[in-house]
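Q: Let me begin by handing over the structure; questions about it come next.
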Amino acid sequence: MGRLLAFVVGAALVSSAWGGCVEVDSETEAVYGMTFKILCISCKRRSETTAETFTEWTFRQKGTEEFVKILRYENEVLQLEEDERFEGRVVWNGSRGTKDLQDLSIFITNVTYNHSGDYQCHVYRLLSFENYEHNTSVVKKIHLEVVDKANRDMASIVSEIMMYVLIVVLTIWLVAEMVYCYKKIAAATEAAAQENASEYLAITSESKENCTGVQVAE
């Protein structure tokens, strides 16, 4: 739950606006046979600066030493390298409709154990200013483990516990408020009844006095 919440919030912040770009770390545990998103977000320091960006992804399988290129994405074109481990499994899930890429994430479908290892998301950006251009590059590193089934991390467990604690606290608070309001209404009703009774007795007493005065006068 904690992971899902973090992912949903991060995705909303990133997709809402370029100026609201937020760099969020990728998840690092994929489930065998499932689809997994490897997150790579690289924000510009100044959102108003014009830029063109492309990316190259490299991969080092667990137990090997060298990184190999698996894809390049530039000008809205995805170029996949010939690699049977990723053939028909890689889907672009980053920015679209712009050359100014800030979300450079990918999906890996039908994950296998061969996808365990280290990934590098190389981000190359050309910044255009009024009188000059400037090239920048950054590398985002992600270590991925493939497991048989999803494991609940401590953050997820703590988040769920906190959710139930919050529900209990809110329930107790609501009951206390209802009891307080009930007592307050009951006290007000009782006070009003006593006041009405006092007024009735006062009127009755006054009427008797008036009647007695009339009889004496006669």
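For all residues, glycine too, the Cβ spot is worked out from N, Cα and C.
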Q: Check the candidates Asn110, Asn210 against Swiss-Prot and report the one noted as N-linked glycosylation site.
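A: Looking at Swiss-Prot, the N-linked glycosylation site feature maps to Asn110.
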Q: According to Swiss-Prot, the disulfide involving Cys43 connects it to which residue among Cys21, Cys121?
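A: Checking Swiss-Prot, the candidate bonded to Cys43 through a disulfide is Cys21.
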Q: Can you tell which of Asn93, Asn196 Swiss-Prot marks as N-linked glycosylation site?
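A: That would be Asn93, per the N-linked glycosylation site annotation in Swiss-Prot.
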Q: Need the cross-check against Swiss-Prot: the disulphide partner of Cys121, picked from Cys40, Cys181.
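A: Recorded partner, per Swiss-Prot: Cys40.
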Q: Counting Cβ atoms within 10 Å of each candidate's own Cβ, which of the disulfide-bonded residues Cys21, Cys40, Cys43, Cys121 comes out highest?
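A: Of Cys21, Cys40, Cys43, Cys121, the one with the most crowded Cβ is Cys40.
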Q: What whole-number Å value do you get for the CA-CA distance of Cys121 (disulfide bond) and Cys21 (disulfide bond)?
A: 17
Q: Indicate whether Cys121 (disulfide bond) is helix, strand or coil by DSSP.
A: strand
